[in-house]
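This report concerns only the one structure given below.
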Amino acid sequence: MMNQAPVITIDGPSGAGKGTVSQLVAEKLGWHLLDSGALYRLLALAASHHGIESDDVEALKVLAEHLDIQFKQSEDSKVEIVLEGEVVTQAIRTEIVGNQASKLAAIADVREGLLLRQRAFVQEPGLVADGRDMGTVVFPEASIKVFLTATPEERAQRRLLQLEQKGDVVDFDALVKTIKERDERDANRAVAPLVPATGALEIDSTELSIEQVVDIILSEAAKASYI
Ligand SMILES: Nc1ncnc2c1ncn2[C@@H]1O[C@H](COP(=O)(O)OP(=O)(O)OP(=O)(O)O)[C@@H](O)[C@H]1O
Ligand SMILES: Nc1ccn([C@@H]2O[C@H](COP(=O)(O)O)[C@@H](O)[C@H]2O)c(=O)n1
């Protein structure tokens with residue numbers, strides 16, 4: 001990654017706050033943003049649309065390499081996600097799609113198929129990348145690496161609030177179970193498992209507000225003279 005724009009990676013389990021925090025840090029720095037989980041979710045949705053089974057590794061790799069997607073900045077500065085011409089910003093956020101994404105993400109060829117697309121997000125003045133393997137595999141030379149966690153119960157509580165605000169009815173215990181299952185699969189897979197990168201700053205956000213987490217990361221950015 002010599003002579004490339006700087007990268008801050010924020011990895012961690014589902015619901016730890018990576019997406020929220022990454023967006024705020026990117027806004028503050030004026031940097032680009034990569035939500036790598038969205039790519040795995042888009043792949044899961046596209047596979048389902050095309051009737052591709054999760055054991056058809058060859059077809060999944062081709063699909064991953066050629067995913068027809070766009071991240072469009074809308075007027076209210078939110079990002080609209082388009083898959084094969086259809087707006088799927090909300091459709092990819094369900095727990096079902098998240099789980100399916102996590103199953104496909106355990107396949108080495110699928111990860112390989114998405115690798116270059118993720119690296120292409122590095123642009124001046126810098127990139128904040130959120131996911132599971134940003135600091136370990138995709139951007140191993142990132143200048144700041146963060147591993148963001150919170151207890152499964154706290155993450156389930158946050159997700160519950162998020163889903164209730166959208167009008168969804170969800171059971172807390174079922175949510176904790178799903179979150180633990182996804183953690184287990186993401187952390188124990190053979191390829192790019194969810195582990196802190198060497199030298200990552202580990203932040204447990206269970207007792208922290210979003211603003212406190214953002215401030216910790218921005219103070220690292222200030223130390224690196226990005227602010
Ligand atoms: N420190 C925090 N305190 C309270 N709520 C938080 C905190 N961080 C994030 N949240 C809230 O938790 C919810 C989940 O956050 P977010 O979607 O950013 O997590 P995530 O790690 O990106 O999850 P996923 O990997 O599944 O996409 C959001 O509603 C967000 O506002
Ligand atoms: N770098 C990444 C990002 C995501 N995944 C897998 O995708 C699933 C959905 O991700 P979200 O962050 O949107 O919840 C996730 O459970 C991972 O299995 C990944 O493997 N690597």
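Cβ atoms here come from the backbone N, Cα and C positions, even for glycine.
What TrEMBL records for GLY12, PRO13, SER14, GLY15, ALA16, GLY17, LYS18, GLY19, THR20 is ATP binding site. According to TrEMBL, the feature domain 'Cytidylate kinase' maps to 8-221.
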Beyond the site residues GLY12, PRO13, SER14, GLY15, ALA16, GLY17, LYS18, GLY19, THR20: chain residues whose C-beta lies within 8 Å of the centroid, for ATP: VAL21, ASP130, LEU148, ALA150, ARG155
Neighbour tally for GLY12 (ATP binding site), based on other Cβ positions within 10 Å of its Cβ: 27
Least Cβ-crowded entry, counting other Cβ within 10 Å, from the binding-site residues listed as SER14, THR20: THR20
Assigned conformation of GLY12 (ATP binding site) - DSSP reduced to three states: coil
Cβ under 6 Å from ligand 2: qualifying binding-site residues of GLY12, SER14, ALA16, THR20: SER14
Among ALA16, LYS18, which are binding-site residues, the residue with the most C-beta atoms within 10 angstroms of its C-beta: LYS18
Assigned conformation of THR20 (ATP binding site) - DSSP reduced to three states: helix
Reported mean pLDDT - the domain 'Cytidylate kinase' (8-221): 95
